[in-house]
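Taking it in order: structure first as structure tokens, then the write-up.
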Amino acid sequence: MKFVWRSKKKKKIISIERKLKEYHAAVEEMNVTMESLAAVAAAEAMMNATRSNTKKNGTSVQVGCEYASANTYAAGSFFVVLSLSLSCKFLHIALFQRFFRQPRISSELIVGLIIGNLPQLYTFLDMLIPKFNSFAEMGMSCYLLVLGLEMDPSVLFKKPTPELIIAYIGVLASFVIGSIGTPLLKLGIPDTVGFILTLSLALAGNSSQVLTRIVTNLNISKTDIGKLVIGAGMHTDMITMILISVALAFHPTQTKQYITLVEGGFIIFIMTTEIIILLKLFPVFVNWITNRNPEGKKMRGSDLIIFVGTLFFLCSTGPMIVGYSPTMTSFLVGLAFPRKGRITKMVVSKINQMTSFVYFPIFFCWAGALASFKPLRLLDTDKFIGIKLFSLYVLVMIGKLSGTLLSGMVLGFDWPIAIAIALFLNVKGYFHIFVAAFALEEGYLSNGSYIVLIFFAILSIVPVPWLVKSVVERAQKQSSTYKRMAIQWVDPNSELRMLLCIHGPQNVPSMINIMEVSRGNTDPRIGVYVTDMIEINDCNSTMFIPDHQDHHCSPDVDGVKMADESVVDMREHITNAILSYVEKSGEGINVHRLLAISTFANMHQDLYNLAEAVQASLLILPYHRNQKNDGKMDNVHHGFRHVNRKVLRQPPCSVGILVDRGLGSINKGSGSSSSAMMTLHVAVVFIGGKDDREALAYAARISQHPGIKLTAIRFLQDNNAEKASSRAKKPPSIRAMEEQELRLDDEYFAEFYQKKVAHGKVGYVEKHVVNAKETVSTLKALEGQYALFIVGRAGRINCILTAGMNAWEECPDLGPIGEILADSDFSTTASVLVIQQHYVEELENEFRVMS
């Protein structure tokens, strides 16, 4: 038994040893397998990295980011995006905007082409943002969402306007010629009919936002041709985008080589159904979100998440089911999106900020990287790229020219204007560059064909300001019938036309009171044109919508309005306040609403155009500082300050700058009764010179108002012996100029005295002073006596009474006397209106001594 037990024990030990050997062998085999898998994974990862960094033009770069953490990645991405944005901004401000009047897309495209063709720099960008095409598609979806929001498709179903006629004929002519001629150029595109038709539609369109920027930079947005081009450009953009949306339903996809008519019709039916549902249900959802988050309160985070998720679902999930383009769906959703409310303003504002500062710089780097400028690459792909570029440009221009010339025959404008309109309506933009880049990525275009389309976009933008400027200026001179007259030379019995400018709602009460006092005794009537001064920047909308309906106090000579809801709401608030005044007490006043929208650098030219268009005799600007509750003035608004200074240089009419310190709080009554308004004590200060004569002419007009108690204060120089000795020391030419000025002052003031003072309508005070020091002390003694001072800005020839004041003045806009009266140390309740007379060309001989 003992032997048997030992034998069993030995066998058990041998079995255990065998299993241990098998276990160790299995472990070793597993280790080998793991090492092999690790090697394979590493090799595959390296291949994927190399493949992801291989561009379509044939270059490949291997990158690694082994030591990058999430923080360094985020910091690097932020630094790159900030650098790109600042580069585009600096180039645009320093060069393109100031000297060439180009829109921002020009600088962005050039920066993108340069950076995209620097391999090392682009490799670094590609490491931070691995999938440029996905990012570009997401950004373009946001851009098209806002573009659709800014368009009103209902205008297509109304009575055709001149803008719509030009758009229809131009699109049709360009599409027909493009469809026939594009295949003949052999640009390396597929020979499918659908692709050729889609490309022809894209070439027939334009970029309405880029077009609007060019028009505003040229300062012609308020001229007849400017308004015509803006309206036609918006209609052209909307028509072509809608047609492209329909055409893409029949476009082949990666899964299908062709789309049948039934399948395309089904896609159109699904998308149309979605849009109709959006038009009916989406406004209810948006209003529900808006009611839960009223103005002035912080928006709830949960509501914001629900809204963004719903918007993302509408723009992406539906198209994925039927195989439709998400970018074009975003445009269609924008068309169906409600155009009023807090949500709309938030969407437009936030997306504009994101696209301006983040998306566009990176997008153009991606588009520029796809355009390889290596000479060998160009020769291999296409040997006639220059000829094809020129041929394509000529082809599309022939379509635009034929369309606009035919429109000119229908509408009756000359051929130079038709050429200018054709150049404008041929402007391409962000969407066209995206389509070209996406077609290259999908293999529909060759590298040479893509470069042709990129340079075609550049040629459609860069030369336009130079080519159009001379044509427009010549047309303006030929059609201008504006007789420029200062108030002094306007017949008192004729209508006085005024252009009142407003920065915001804070200026409305004071400008309403200026209207009230200017109407006099309501006979004759006055024409008042109230314009909002809106700055165009990168964060607000630049889209104009034709407005042919009467929404204002009287027919709107502007004809266009902003699509930005924040601007629209502000304008409606101002219009309602003015309309309320006109209905209650605006007898004798015809009020019209205008819009001056431009950059601060060019806004003065926009105001010039408006003044000429309405034939204004007086343009009144608000002061660039507003009064605070404590009576002091707030900080300087530098943008409006520069606008005021530029307006004062060469205006087409007389200019007034209003310093409001309580004028807006004066009560207004009704009609022309004696109680039309609380009695307003007004003083006009007269020292001498053309500007003081203009101030006296305006004071004579307002003195007819029953609620105005006007006093004319004339400053005369004392001590005749000293005055005679000082004149004897001056050259004969200077003495002759001063004598001429004194004669003009005496004659005009004598006429004013005879008509107004002698009949007891106006009070009169003489102040005899020796020098400027006594002038200042006399003015300060008037504190608290008057609620409004009217004074000339300058125009005094070597006047001893103001000599030396210019040396210490801080605000040349107001002149020496105006600055003293507007100083908070003088008064906190007296408003000041400083007037500068327009130099009348018709009376050049009489005023030659003053030049």
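Just so you know, glycine gets a Cβ as well, placed from its N, Cα and C.
Marked as domain 'Cation/H+ exchanger transmembrane' by TrEMBL: 92-466.
Per TrEMBL, domain 'Cation/H(+) antiporter central' is recorded for 589-667.
TrEMBL lists 680-838 with the feature domain 'Cation/H(+) antiporter C-terminal'.
For 73-96 (among others), the entry in TrEMBL reads transmembrane segment.
Tertiary proximity for the transmembrane segment (135-152) is limited to same-chain residues at least six positions away from its ends with a CB under 8 Å from its CB atoms, namely 129, 208-209, 234, 237-238, 241, 311, 315, 326-337, 339, 344, 347-348, 351-352, 354-355, 358-360, 362-363, 366-367, 430-431, 434, 437-438, 541, 543, 545, 563. For 135-152 (among others), the entry in TrEMBL reads transmembrane segment.
What TrEMBL lists as transmembrane segment is 164-181 (among others).
Tertiary proximity for the transmembrane segment (193-216) is limited to same-chain residues at least six positions away from its ends with a CB under 8 Å from its CB atoms, namely 101-105, 147, 170-171, 174-175, 178-179, 182-183, 226, 229-230, 233-234, 236-241, 243-244, 247-248, 250-252, 259, 392, 396, 399, 424-432, 435, 444, 461, 464-465, 536, 542-544, 597-599, 602, 606. Annotation source TrEMBL lists transmembrane segment at 193-216 (among others).
What TrEMBL records for 228-250 (among others) is transmembrane segment.
As annotated by TrEMBL, transmembrane segment applies to 266-289 (among others).
What TrEMBL lists as transmembrane segment is 301-322 (among others).
Summarising the annotation, TrEMBL assigns transmembrane segment to 356-373 (among others).
Look at TrEMBL and you will find 385-411 (among others) tagged as transmembrane segment. Below 8 angstroms of C-beta separation, residues 162, 165-166, 169-178, 181-182, 185, 187, 203-204, 378, 417-419, 421-423, 425-426, 448-449, 451-453, 455-456, 459-460 of the same chain, each at least six residues beyond the ends of the transmembrane segment (385-411), sit close to that stretch.
The transmembrane segment annotation in TrEMBL covers 417-438 (among others).
According to TrEMBL, the feature transmembrane segment maps to 450-468 (among others). Sequence-distant neighbours of the transmembrane segment (450-468) (same chain, 6+ residues past either end, Cβ-Cβ under 8 Å): 100-103, 105-106, 109, 113, 187, 210, 214, 217-218, 367, 370-371, 373, 378, 382, 385, 388-389, 392-393, 396, 420, 423-424, 426-429, 432-433, 436-437, 439-440.
Remote same-chain partners of the transmembrane segment (417-438), defined as residues 6 or more beyond its termini with a Cβ less than 8 Å from a stretch Cβ, comprise 105, 109, 133, 136-137, 140, 143-144, 147, 166-167, 170, 202, 205-207, 209-211, 214-215, 225, 228-229, 232-233, 236, 241, 327, 360, 363-364, 366-367, 370, 396-397, 400-401, 403-405, 407-408, 445, 450, 453-454, 456-457, 460-461, 463-464, 467-468, 471-472, 475. Sequence-distant contacts of the transmembrane segment (164-181), counting only residues of its own chain at least 6 positions beyond either end whose CB sits under 8 Å from a CB of the stretch, comprise 155-156, 196-197, 199-201, 203-205, 228, 231-233, 235-236, 239-240, 395-396, 398-400, 402-404, 406-407, 410-411, 421-422, 425. Among residues of the same chain six or more beyond the transmembrane segment (301-322), those with a C-beta under 8 A of the stretch's C-beta atoms are 141, 145, 266-267, 270-271, 274, 278, 282, 285-286, 289, 292-293, 329-330, 333, 343.
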